[in-house]
Structures are given as C-alpha cells and as structure tokens.
Amino acid sequence: MLLHILWVIGITAEGVTGALAAGRMRMDLFGVSTIACMTAIGGGTLRDVILGHYPLVWVASPQYLLVIVGAALITVLLADFLMKHFRVVFLVADAIGLSAFSIIGARVAMEMGHGVIIAIVGAVLTGAFGGVLRDLMCDRVPLVFQKELYASIAVVAATLYYVLDMVGLHENINIICAVLSALFIRLAALWRGWSLPVFDYQGRD
Amino acid sequence: MLLHILWVIGITAEGVTGALAAGRMRMDLFGVSTIACMTAIGGGTLRDVILGHYPLVWVASPQYLLVIVGAALITVLLADFLMKHFRVVFLVADAIGLSAFSIIGARVAMEMGHGVIIAIVGAVLTGAFGGVLRDLMCDRVPLVFQKELYASIAVVAATLYYVLDMVGLHENINIICAVLSALFIRLAALWRGWSLPVFDYQGRD
Amino acid sequence: MLLHILWVIGITAEGVTGALAAGRMRMDLFGVSTIACMTAIGGGTLRDVILGHYPLVWVASPQYLLVIVGAALITVLLADFLMKHFRVVFLVADAIGLSAFSIIGARVAMEMGHGVIIAIVGAVLTGAFGGVLRDLMCDRVPLVFQKELYASIAVVAATLYYVLDMVGLHENINIICAVLSALFIRLAALWRGWSLPVFDYQGRD
C-alpha cells in the first residue's frame, strides 16, 4: 500500500521528466505523451517482458496511463512555472520514484523465485530503464550510463531489500528501510555530486 | 479478409519506406532488409510482446517476411524510378497501412478482453511504432513524435472502431467505417499539412 | 556441450566489445557493465522474447551475468594492454561467438518447431542484435547494417545447419560443420574486407 503510493508519486515525477525531455526536442503533444509514458512505465515493462511476468501492471490497470498523460499535459502548460518554483520538489519526487521502482522491481523478481542477481536486474530495469528509453527516443546517449549516482542506487536498494527479506523482519519494515536508504543515498549523491568512475577509452578496437 | 488484404498492402508500403530510410543512411542489403522488416512488422511485434499475444503473426506465417524483403530489394533496384512516378501511390498505400494496422491493433487488444485505453495503445503501437523503430535504427528522433498527424490517427481510428463495436453493427461495416475514416483524415492531414501543437521547452530541468 | 563452451567464449568476447564501445562514449562503470551485458546477451534476449521462449537463459542461470561484468571490468583495467597485444585473439573470439550464437539461435527456433525462415531470424537476432543494441545505446547507426560481412554469416550458418539437420547426420557433426564454416567465412571476410552491396539513396521520399 505504502509502496503503491510511492509508485504513483514516481510515475508522475517520471512523466514530468519525460515531458520536459520531449519539449527539449520540440515534440508534438503525441510525442510528449508517449515519451512521458515510456519514461514512467517503460522500465517496468522491460522487466515484466524479460521475466515473463504477465499481464503488465499498466495493461491490467490502464487508468495509470491517464495519470501520466495528465502530468505530461500539465507540464506542457506550466513547464516554466513548475521548474522555477518546484524544481526541488521534482528532484525529491524523482528520487522517491527511483527508490520505490527499485524495491518493486526486486520484489517482482523475488516473488517469481529468483535470487539476488535477478532481483538486482529487476530493480535496475524498473528504476533506471524508463530514463534509458526516454533518452534513446530523444537521440542521446542515456544519462544514466554517464553521469551521477542513479542506477547504482537501484543496485544498493535491491541488495539491501534482499538481505532484509532473508533476515525475516516484517515486510513493511523492510520496505521502509530500503526505500529510505535509497532515497537518502540518492539525495546525498545529488547534493554532493557523487558519481562512479568513468571509463574513457579512445584507442583502436 | 478485407483487413488482411489491407494489411498486406500496409506491410509492403512500410517495407518500402523502411528501405528508403536505410538507403539514406547508406546501409548494405542486410541493413536494408532488416530495417524494412522492422518498419513493417516491428509495431505489431511490440504490441504482441507487451500484451503477451503469442505466437506473433509473422513467426507463425514467416512467408510475409519474404514479401517485405522482396519489396525492399525492388526498392533498392528501382528507388528513383518508383519515387519519381509512384510517390502518390506510396503515400496512399502508407495511409492504408496506418489505417489497417490501427484497426488490427485495436482488435487484438479487444479480443484479449481489454478496454478502450489498451485498444488505443494497441492501435498506436501497431500503426506508429514500426516507424519509431525505423527512425531509432537510423539514429534520428522518431518523425512520428514531431511532425504531421500520424499516430493521432491511430487514436481516432481505435476509438471509432471501439464505439462502433459497442453499438453492435456487423463487424465488416465497423471495419470499413473505421478504415475509411482513418484513411480520409490521414490524406486530408497530408494535403492540408495538419499537425498537433508542439511543446518547445528550452529551460533548465 | 561444445556449443556451450563456444557460447561462453562468445559472451566474454562480446562483453569486451561492449565495454570498449562504452569507453569510447566515456561511460561510468554502471554504463560499461550494462552495455557489456546488452552486447553479450541482448540478442538472445530479443530472440527469446519474440519467440516466447521462457525462461531466458541468463535469467535461469544469472551467474553468466557475473562472467560478462567480470570481462567488462577487466577490460576497463587493461584495455590498452589487451587491445595492443591480444587484438587478433578478440577478433577470433568474436567470430567464434558469432558462429556459436547463430547456431544456438537457429536451434532454439527449430526446437520450437519453426521452419528455415524463423531459424534464420533466430540466428540473426542471436548473432547480430547484441551489437545492434550496443550501437543504439552509444547513439550511432548499428555497424552491422552498414559494414562488413557479419549478420550475413548468421544467415549462412543457420541455413547450413538447417540443411544438415534435415540430412540427418549426428547432431555434433552438424554443429561442428556449421560453426567451422561460419568461422571460416567470417575470418575470410575480415581478412579480405568482403562486404555486401550498399544502397545509397539521397532522393526525395
């Protein structure tokens, strides 16, 4: 239930970042709505297709598409205002989304009987690959592969959730611990500019 | 049956546009054939994978791949001649394809028990995402997100088909009405240069 | 068993080419690991999702992801050294991978009851589409559509394997013949610079 509320915050925030990215490429309203949906639910879609986990959440409950398209259209109308006054709110909402998406992705994999590696893959796909699809559609190298601590947080969140689940505390305690840890690390990473080492290879191949 | 004939016209026309796009990027014959197939059947493939609708049409009936590759190779041989003398034919065939693909996509979703939103998603995936894959492979922002009234026509066609289906007329009448309406709007949009409003955002995010 | 060993050589070599491509785009360690995995197992993933062949190999046996990530991280540490002294080894290992992936892809399709066309599609997806995903993520037109004889070798290998299988020799003989033929053609193509005809179209569309 808690995770579901965080998930709705997450898809809304991801829809906004998708709409802004579409606006940078001067897309029309169809493009804006589509990129918003792909950013918000594309990662979970990839996860479910790869794991064979049917039906997909948004196919079974398509009303969430309307939430995302609504967020995208409000972004079109109010982008400058929102980004001027509520920028920090969106950064926090996006971090909440990343944390919730990661735990949800790990849970789906674990409920299907998979171990820690596929739980991490589920978390990374759900948390980070919506943004990868968004960047592909906008013809740029996915940000998540180059900058900031973002997908790594999905790895940490999934590992922590997996360990807590093995320890056997109450489900809600596990979720709260894992989400808060992921949220804290993400916000600290944003604030301090943490990032992973970069591999720069310009030789022959 | 009617829809099947329109579908074959559609995959042939889409195969030609895929081959031309590949030719612009100076691809080899393998690239041309592959882009042609992805343009023609990539949208339906995405729809079936997302909805869990197996087996895919072209996997069950692979002879259609030969039709598409044949259209692509003829395009390689005769591109200048065809585009000089038959350009309008291809625009109409492409519009027929868009209309037929959209109704087919909506039907597949409805036959699986989904409502109007997923019927629209099925139509948009089938009608427009072959072109999205083509443009991704050619390293450009998908045209369908930026210009012309194209994917929107899939939305209109699916909605109309869904409403007609609820009204309960004969299936063939529904198909003919929805296909003709979509075809008419598409050709009018091409002729009059209709397009959706564009979202142009260059602020910070 | 033989095919499995060749497959492991293949995913290792593909992981290295993925890591090098990521290094050219100055990706971080997460990006390098992800591109390496997508290059090594992305083609087989596409094949299994399109054919509905669940569970995916690497989902059932996730330890192979560790092999690929290990190969990627060693590449990060030793790229210049490896490419200076072992470049030919990697070209051969990549050719082994292409050959083994192609036969495996054809076999999966044939075991599911498909004919020669889908066997060829399975071979091309498995052999060449890991590299397509790698190039998409690095924001460039996939090399396999433009240069060298690469995917065509998957077509030849799958056709040969299909014919040998119909003739009814021992399975291992079929595999060895098809893999060696594919390997020989690939290395000859590299050595002699063979390529397919290119379609160059710059007219209107």
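Note that Cβ sites are derived from N, Cα and C of the backbone, with glycine treated the same way.
The shown structure was predicted, so the numbers you read here are calculated from the model rather than taken from an experiment.
What TrEMBL records for this protein:
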{"type": "DOMAIN", "residues": "A:5-79", "note": "domain 'Glycine transporter'"}
{"type": "TRANSMEM", "residues": "A:64-82", "note": "transmembrane segment"}
{"type": "TRANSMEM", "residues": "A:89-110", "note": "transmembrane segment"}
{"type": "DOMAIN", "residues": "A:92-164", "note": "domain 'Glycine transporter'"}
{"type": "TRANSMEM", "residues": "A:116-137", "note": "transmembrane segment"}
{"type": "TRANSMEM", "residues": "A:149-167", "note": "transmembrane segment"}
{"type": "TRANSMEM", "residues": "A:173-194", "note": "transmembrane segment"}
Within the same chain, the residues 6 or more beyond the ends of the transmembrane segment (A:89-110) and with Cβ under 8 Å of it are 3, 6-7, 9-14, 16-17, 43-44, 47-48, 51, 53, 82-83, 118-128, 130, 150, 153-154, 157-158, 161-162, 165, 175, 178-180, 182-183, 186-187, 190
Beyond a gap of at least 6 residues from its ends, the CB atoms lying under 8 Å from the transmembrane segment (A:116-137) belong to 14, 17-18, 21, 34-35, 38-44, 46-47, 50-51, 98-99, 101-110, 143-145, 150-151, 153-155, 157-159, 161-162
For the domain 'Glycine transporter' (A:5-79), the DSSP helix/strand/coil residue counts are 64 helix, 1 strand, 10 coil
Helix, strand and coil residue totals from DSSP for the domain 'Glycine transporter' (A:92-164) stand at 59 helix, 0 strand, 14 coil
